[in-house]
């Protein structure tokens, strides 16, 4: 095993992801890959599925998905690191972060359904990061499975240039194997072969010969066009060698000009080994992908390039943080350049903090395999990093670099959460800290008015899952409020002078303060939302009381005059006032400052602001009218419409309050074929009729 810890020859390494729609059979495919790649050093341990079973049991026992972040396995002296990608809309964060560290991917499709909405969305995200892919049409043994239909949906729905390099032998219950169009041989799994470990290479069945010739001709024409010499050879009637064909397919795949398509049935153990061969033959090694680009810490315009070599200085990206039952915090990193030993000190260049690497592991299908050194091109799990979170760069302290991070949007939806008992309060704090480390899109703050803890996330499902994890993993008993939109208030008019006198006369010394202010709308630079200016002359208000007036005004801004939402974008100018030698005090001026601001704001035409989301809907042309009509009914403003690879993309600005439950409505309107993403865009004034409703709700009228 020792020589297999880390392969130093990077041409033999593949960092891949397996991406799929929820039910396309991703887990089974991953499981079978681990099973076959494990055979080489597990012979005798495998009793009809024992390997698969113990692997799942261990998952249940430990409560973590071992496949979740990165699993290392070996195939014909090559090393494959598999990074798992989830298949759900609200977890785009998970998908984005795994795609960021992949070099290539296997897209798994359901042989009966072809391209499904989720596969469409994950495919588009992979386009964004330009990840080379091969396609595996799975479940060929299913009733209704149709390889040719699946290939057609890839062309039509994904607009992808796909090239079948295999055809199925038999279908549904009679699915036996595949025709390899590169070698022009059939690979057939007989029912006797234990768990599909062996297959026979035979001649192509007569009923498939004509079809195989037709598809082979298409393949050869595509391949020949990649290279002048091949083109000449092909048209002069010479046979292209297997090595030449594979080399050309590899070139097309790595440049994302084409996507090879294979087929099989992971569940029935057919077609998995040729798919592993294709991963090695066609997907890029760390040396085939562009060098990592970053910048000098604090100077974003000074670019640095790091090649995937152990001779370069260290650069690594943390792409996931997970909690392990025995080791505590595990940070998964992709090393882009250089090498580093366990126990070394490195710098978190993103945060400017020193970190010490504790133990280093490579996750081998079902056990942690400790390694001494982490080197370029590989993926590791690290213990002992304290300040490092998702998206941070670890670098050599003497040669710092910040790699391009992943961008995570701010939360747009919030719920208040209230622990039931004192001990739950402590558990809640711990769970929030742990979840925030793992998930960069999960945010928390304390509502000063109600004293409640408010958590924010990317969508309703996202928050449901987070709350569920608090209950299950951290045993927090808590009451959870309804999702809320974060409104704000501001003013539209200048009020030249407003005065307020605070007087209180009880026995002994009283309280006295008089202030006069001007209030006006304000839009500061760099997002400043407030300004205070003092124009009092001649000591009409002693200097020591001025800060109290400002403090009072700022307090009053926490709760607006219409519905109690925070006031933003205003400028307060203190013009004049009066004081009393005996009765004036800091507290008197603070109260006066607070009251005068409320009085002025009420006269300055106050309005409510709401968060507006930039929404992007990707939909097939047939549903375009329904989608646009629906966005209009949600007070949406259409910004742009574009065509992208056979689908339509609609961009619109829509108030967040109108987007609750949108995912369900969109699915039912488009039979699940459209999907959407939304990010916060800006705050904007609420129309009068909506404003009335918000005020009525807030004031309980």
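The backbone N, Cα and C atoms fix where each Cβ goes, and this holds for glycine too.
Quantities reported herein were computed from a predicted structural model and do not represent experimental measurements.
Features as listed in Swiss-Prot:
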- 11-287: domain 'tr-type G' (DOMAIN)
- 20-27, 84-88, 138-141: GTP binding site (BINDING)
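Within its own chain, residue 140 (GTP binding site) has 111, 147, 168, 171, 175, 263, 264, 265, 270, 271 as residues 6 or more apart in sequence whose C-beta sits under 8 angstroms from its own.
Under DSSP, residue 140 (GTP binding site) is assigned to coil, being neither helix nor strand in the three-state scheme. In this view, residue 20 (GTP binding site) is surrounded by 27 other Cβ atoms within 10 Å of its Cβ, with every protein chain counted. Mean pLDDT across the domain 'tr-type G' (11-287) comes to 78 in this model.
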